[in-house]
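Notes to accompany the following structure.
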Amino acid sequence: MIVFVRFNSSYGFPVEVDSDTSILQLKEVVAKRQGVPADQLRVIFAGKELPNHLTVQNCDLEQQSIVHIVQRPRRRSHETNASGGDEPQSTSEGSIWESRSLTRVDLSSHTLPVDSVGLAVILDTDSKRDSEAARGPVKPTYNSFFIYCKGPCHKVQPGKLRVQCGTCKQATLTLAQGPSCWDDVLIPNRMSGECQSPDCPGTRAEFFFKCGAHPTSDKDTSVALNLITSNRRSIPCIACTDVRSPVLVFQCNHRHVICLDCFHLYCVTRLNDRQFVHDAQLGYSLPCVAGCPNSLIKELHHFRILGEEQYTRYQQYGAEECVLQMGGVLCPRPGCGAGLLPEQGQRKVTCEGGNGLGCGFVFCRDCKEAYHEGDCDSLLEPSGATSQAYRVDKRAAEQARWEEASKETIKKTTKPCPRCNVPIEKNGGCMHMKCPQPQCKLEWCWNCGCEWNRACMGDHWFDV
């Protein structure tokens with residue numbers, strides 16, 4: 001297999017190794033190539049200095065993995081031992097390294113708190129798990145992290161957790177201790193260590209993720225989907241009841257589990273109905289599929305599961321909702337829909353075309369029709385004829401209007417919502433109306449125009 005070595009954080013070169021090649025042997029190969037003493041080399045991978053006795057396989061190095069090798073003078077014995085460096089180590093010390101390696105970190109237990117209801121069985125707190133841990137650290141047979149790979153995979157994939165120095169941005173930082181929860185990984189400056197690059201005093205740790213499905217370069221990073229985890233305990237999906245893996249775990253009190261296919265369908269359905277929730281802090285998000293309170297998804301990259309086309313719609317709708325929440329309007333011309341932020345009280349709105357986005361349409365902010373003088377209601381009223389020599393019978397003029405019948409029908413079957421003024425058509429049925437706008441949803445009475453109440457229900461629920 002091939003591993004790529006970056007020497008002193010500069011250039012990189014490939015080295016051919018076997019799975020049973022030791023770290024000491026890797027140092028000797030690099031030392032011979034670079035013309036430096038092997039005992040001055042330190043091998044850094046995934047936030048830890050690799051001890052000499054471990055093999056490539058023990059260190060979880062995979063095909064085309066990138067390791068950093070730095071040349072630094074040997075430090076005092078107690079410092080070297082503490083970092084797992086050049087001094088010989090016992091098997092138990094090697095096991096300690098394995099348990100602290102980023103390649104063995106498992107944060108899935110922190111997706112669910114110990115006091116969660118209904119799905120606490122997914123936690124690794126039972127006696128079986130404890131007994132397995134007592135036998136010593138082993139590489140997980142499941143994926144601990146998941147990411148969305150924007151390319152070349154374009155889908156959810158297993159992820160690899162890595163760390164770099166916050167100062168020089170090189171993956172040469174050795175952690176003082178490994179992360180124990182998602183906050184350690186996601187919140188900046190929570191973890192520290194020591195950068196092994198020459199002349200770099202950096203101590204801040206910056207974590208990042210890479211796609212585990214294909215070889216990656218230093219710059220190929222992905223965002224972690226911290227709600228997605230392997231379904232090791234065979235929890236059925238809340239929607240289809242099938243047992244699938246991986247699954248998404250909502251952050252509600254019950255930690256409801258949903259498979260990724262059902263989550264995709266849930267998102268598309270809500271998107272089609274424009275039923276996403278606009279949160280001032282989080283943005284355009286969705287709660288638990290069961291409607292649990294305080295369960296909005298905080299990491300919006302989870303909606304990448306929608307796929308490119310639907311995700312583009314999601315971004316567009318989110319931007320539109322943001323404009324509306326800010327008191328703006330959307331251009332009503334079909335095919336445009338540009339977001340506009342006119343001055344407060346400004347009734348005449350122009351969809352500016354200078355920025356390449358607007359269409360130039362001038363419309364009324366209140367009724368969303370082409371701009372007009374006077375009240376919006378006057379658009380549906382017959383306009384008075386101006387003084388002229390040729391006179392016609394008023395009654396005949398009213399009966400001869402081609403579009404008047406349609407306007408009269410609109411008057412009779414359409415009324416504005418009392419709260420948001422969106423026109424709503426009544427096509428038979430009772431007087432109980434509900435505004436379809438996601439940000440309004442007012443339930444009101446068609447007959448009296450007020451919010452729906454028991455008096456309306458008793459007096460004219462089914463008035464014709």
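Heads up, the Cβ atoms here are built off N, Cα and C, so glycines get one too.
Residues annotated as domain 'Ubiquitin-like' in Swiss-Prot: 1-76.
Look at Swiss-Prot and you will find 70-96 tagged as region 'Disordered'.
Taken from Swiss-Prot, the feature region 'Necessary for PINK1-dependent localization to mitochondria' covers 77-236, and the record attributes it to similarity to another entry.
The average pLDDT computed for the zinc finger (140-224) is 88. Marked as zinc finger by Swiss-Prot: 140-224 (among others).
Sequence annotations record features per position, and here Swiss-Prot assigns region 'TRIAD supradomain' to 233-464 based on sequence analysis.
For the zinc finger (237-292), residue counts in helix, strand and coil come to 13 helix, 12 strand, 31 coil, using DSSP. If you look up Swiss-Prot, you'll see 237-292 (among others) marked as zinc finger, on the strength of sequence analysis.
Residues annotated as Zn(2+) 2 binding site in Swiss-Prot, with sequence analysis given as evidence: Cys252, His256, Cys288, Cys292. Counting every protein chain shown, 22 other Cβ atoms lie within 10 Å of the Cβ of His256 (Zn(2+) 2 binding site).
Look at Swiss-Prot and you will find 312-376 (among others) tagged as zinc finger.
Residues or ranges marked as Zn(2+) 4 binding site in Swiss-Prot: Cys364, Cys367, His372, Cys376. Around the Cβ of Cys367 (Zn(2+) 4 binding site), a 10 Å sphere holds 19 further Cβ atoms from the protein chains shown.
Positions annotated as zinc finger by Swiss-Prot, on the basis of sequence analysis: 417-448 (among others).
Here the Cβ of Cys430 (active site) has 15 other Cβ atoms within 10 Å, regardless of which shown protein chain they belong to. Per Swiss-Prot, the feature active site maps to Cys430.
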Residue numbers, six or more beyond the limits of the zinc finger (417-448), whose CB comes under 8 Å of its CB atoms: 273-276, 278, 321, 324-325, 366-367, 456-457, 460-463
Field: DSSP helix/strand/coil residue counts for the zinc finger (417-448)
entry: 0 helix, 9 strand, 23 coil
Task: Using C-alpha positions only, work out which of the recorded positions Cys364, Cys367, His372, Cys376, Cys430 is nearest to Cys292 (Zn(2+) 2 binding site).
output: Cys430
- prompt: What's the CA to CA span in angstrom from Cys376 (Zn(2+) 4 binding site) over to Cys252 (Zn(2+) 2 binding site)?
  reply: 46
Query: Cys252, Cys292: which of these binding-site residues has the highest Cβ count within 10 Å of its own Cβ?
result: Cys252
Field: Zn(2+) 2 site, defined by Cys252, His256, Cys288, Cys292: further same-chain residues with Cβ within 8 Å of the Cβ centre
entry: Phe250, Gln251, Asn253, His254, Arg255, Pro287, Val289, Ala290, Gly291, Ser295
Task: Starting from the Cβ of Cys288 (Zn(2+) 2 binding site), draw a 10 Å sphere and report how many other Cβ atoms land inside it.
output: 22
